């Protein structure tokens, strides 16, 4: 069964979020900075040193130049990582996300974006395109390697690029967060259950299994082959496993947090609004509230008086303390805009908003304002107090 929510008045686009990663900006993709983090240089040095023996085995005559060839492989590898992240960014932008950064890091890279994935298909497409890019690159490098007439240093680089891209693509398809395969699994569970939070938690637990499996693989496979595990391989696998375990744990925590806040809704938190035309007096506004309260069954005194323009657009909400400070004799002379707090343009919320979507919208549009209007079909229906939202969030923490 599908449900539909009332359409909301679109808010103006929020300014781009600043990048979270620190490093050197070397360009832009999909409107977002491409950042080489400082940790990448450590990865480049380690991988160069690890690859040098392979170069020396093929071309022992190179001497110290073997380090340059090994570094060329590292550039090929991270160039492939960059294309992987570029694919994520382009598809994310095509699916309506605002890409905030592409970062090349110690562990490879990541793409950050805001906006919230609205459908399981969005998450699936954004996730799957990265590993597929690596698999396509692996095929290209492999065919170039096979077509080469002689075996030399360039063919070694082609072979290494093919194998490394195949590994990166296959590894990222493992079905556990924080890997791309975990986001694919999250999207599939989301599509089946209708709950993204369930998909996140499931993919997070599978991610923990993958993290343990990485270390077990490094220890068990050599023993099954009758050899001793390589210390370097075990240490590297332990680092990767720890990284995956931490990412999976963060995903589980985030999924459970989203489950707790899923019950937050505008309709459950907002106070009803009573529109008051711009230019009305305080006396007229208070009289309208008395009439509205009297007409309620059962009576309610929770109406917020909202100043609206000629087109019905909410522009401000009356400050109850300021209204109370107006002497009774002056109420029929004081206009409502003199005792009202203006709304931030574009901060209005839809009565159907809830959960993390609501919190994200408020964070992006309220800009420090405590009160925001609730608007449905161009008409103000309520006022949402962010203090009430904060209390509800704390109660679910």
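Including glycine, each Cβ sits where the backbone N, Cα and C put it.
Nobody curates TrEMBL annotations by hand; they come from automatic prediction.
As stated in TrEMBL, the feature transmembrane segment covers range 156-174 out of the listed 99-117, 156-174, 175-193. The stretch in closest packing with the transmembrane segment (124-144), judged by the count of Cβ pairs under 8 Å and taken from 64-83, 156-174, 205-224, 230-252, is 156-174. For the transmembrane segment (230-252), the residues of the chain that approach it from at least six positions outside its boundaries are 50, 107, 176-179, 182, 200-201, 203-208, 210-212, 214-215, 217-219, 222, judged by C-beta separation under 8 angstroms.
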